[in-house]
């Protein structure tokens, strides 16, 4: 197995472990903290970004493996047709047949490996969203019953969405606040300049002689 297919296999194992971890029954408070952490942690957001790029490359590998399987099937069919229409692969004898069968096996293995990795990524994303919706519904039930006292955790859970979303929202809010502070400083500078020009204009009117404003 080549290096990139080994990495795909490791990613598949990691996805399987994460899926098992998500479906393990845990107490509500612990699960809420876990999902809040996933939504707050900026490292998770960066990891998700790089995983999206990785899945694009895995999709390319999947398409390439499907193409290889198709070419092997065509090669076997053509060889069988050229040798009197025998059963598939039977006309290729000895070393050549073993080589073609080996290429077919490896191509199918790579196709299944990439396909299951992509499919499990979609399942993980959907499972995460469904569990998050269930937690929000449980949170609302607890609020209606008056048994929920941790309002901060409830607010964080309400804001949670994609992994790292709260971290991204906080970063965007910090940028907006910084822009607002810059506008306040610019506004204060313009106001001081306006007051200075107004004072100079008032002095020129009191003296009766127009003065050049600087």
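We number each residue from 1, going along the chain as drawn.
Cβ coordinates are placed from backbone N, Cα and C, and glycine is handled just like the others.
Annotations in TrEMBL come from automatic prediction, not curation.
Per TrEMBL, domain 'BAP29/BAP31 transmembrane' is recorded for 1-143.
Look at TrEMBL and you will find 6-28 (among others) tagged as transmembrane segment.
Residues of the same chain lying 6 or more positions beyond the ends of the transmembrane segment (49-66) and with a Cβ under 8 Å from any Cβ of it are 4-5, 8, 11, 107-108, 110-111, 114-115, 117-118, 121. If you look up TrEMBL, you'll see 49-66 (among others) marked as transmembrane segment.
Remote same-chain partners of the transmembrane segment (110-132), defined as residues 6 or more beyond its termini with a Cβ less than 8 Å from a stretch Cβ, comprise 5, 8-9, 11-12, 15-16, 18-19, 22-23, 31, 35, 51, 55, 58-59, 61-62, 65-66, 68-69, 160-161, 163. What TrEMBL records for 110-132 (among others) is transmembrane segment.
Residues or ranges marked as coiled coil by TrEMBL: 134-200.
What TrEMBL records for 164-212 is domain 'Bap31/Bap29 cytoplasmic coiled-coil'.
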